[in-house]
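Taken verbatim from TrEMBL:
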ACT_SITE  D178  active site, proton acceptor
BINDING   L154, G174, C186, L200  S-adenosyl-L-methionine binding site
COMPBIAS  20-36  compositional bias 'Basic and acidic residues'
DOMAIN    57-247  domain 'SAM-dependent MTase TRM10-type'
REGION    19-44  region 'Disordered'
REGION    251-284  region 'Disordered'
Amino acid sequence: MNLQQSSLSKNALKKLLKQQKWEESRQERKAAQKEKDKKKKLEKKKAVELGLIPPPIKKPKPNQITSNMRVVIDLSFDSMMTDTEITSVSSQLTRCYSANRSTLHSVNLFFTSYGQRIQNRFDTKIQSHINWKDVVFDTKSYLERFDKDDLVYLTADATDVIDELDENKVYIIGGIVDKNRHKNLCYDKAKKENIATAQLPIEKCIKLTTRKVLTINHVFEILVRWLEYKDWQKAFLDVIPQRKFNEEGKKKRRIKQNVGATDLKSDIPDIMQNSPVKEYEPSE
């Protein structure tokens with residue numbers, strides 16, 4: 001205790017020592033808060049990935065251009081999915097909206113056959129959707145809203161490969177996660193409705209190591225990136241870097257080797273992530 005401290009009252013000395021202790025622990029508190037913020041950020045990211053909370057909506061870019069092209073997410077498969085899959089689809093829709101708001105060339109976005117559990121999910125867990133702009137939540141089918149001649153259903157089973165997007169067309173992405181329970185679902189649906197089908201030219205742009213899996217928002221982002229770049233390879237790699245394809249291929253090969261599987265396919269991607277199906281459809 002120095003001379004200055006000895007002249008202080010007991011209470012004043014107590015306060016001084018407390019302040020000194022507080023100052024000495026400043027760096028420790030700062031490091032602890034930094035670690036706490038990092039953990040909180042990771043937990044939030046994980047919650048978004050699991051579909052427990054919606055991802056943050058990005059602000060539109062300055063000088064954003066809205067193209068004439070229309071993109072539909074077909075939500076007519078509600079009854080074919082589990083509650084977990086409904087949560088996943090809802091998260092994918094949110095990501096599509098966010099991507100459309102932040103891209104340089106936005107499209108006219110439609111969620112058709114909107115209702116049932118997906119609508120309930122939005123009404124109860126993603127209530128901010130009521131303030132979304134430039135997106136249509138439509139309870140009607142795309143057949144009731146658009147000219148059939150303008151419709152193109154995107155599916156990996158199609159024989160036609162898209163060379164370039166036609167901004168006068170309406171491109172449909174199947175909004176379903178089915179864990180490969182329903183083979184050729186979107187393709188058969190389109191053919192039954194006499195709608196054109198097509199697949200994205202991924203094999204021309206990405207070196208495939210195995211069958212690839214994409215989320216619904218990945219396919220949507222690839223479409224809007226093409227509008228910006230007019231280059232499929234750049235659009236694909238901007239959304240899904242080649243290293244991710246390679247890493248996923250190695251992971252799947254290890255899994256198949258562990259279970260004694262021998263059937264490794266190279267094919268165009270699906271819209272599911274971690275759950276292979278043959279449609280452009282979402283997953284968790």
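Including glycine, each Cβ sits where the backbone N, Cα and C put it.
Heads up, TrEMBL stuff is auto-annotated, nobody curated it.
According to DSSP, C186 (S-adenosyl-L-methionine binding site) is assigned to a helical segment.
Among the record's S-adenosyl-L-methionine binders, L154, G174, C186, L200, no two C-alpha atoms are more than 15 Å apart, and one pair sits at exactly that spread. Each of the binding-site residues L154, G174 was scored by the number of other CB atoms within 10 Å of its CB, and the largest score is that of G174. Of all the binding-site residues in the record (L154, C186, L200), the one with the smallest CA separation from the residue listed as 'active site, proton acceptor' is C186. Each of the binding-site residues C186, L200 was scored by other CB atoms within 10 A of its CB, and the lowest score goes to L200.
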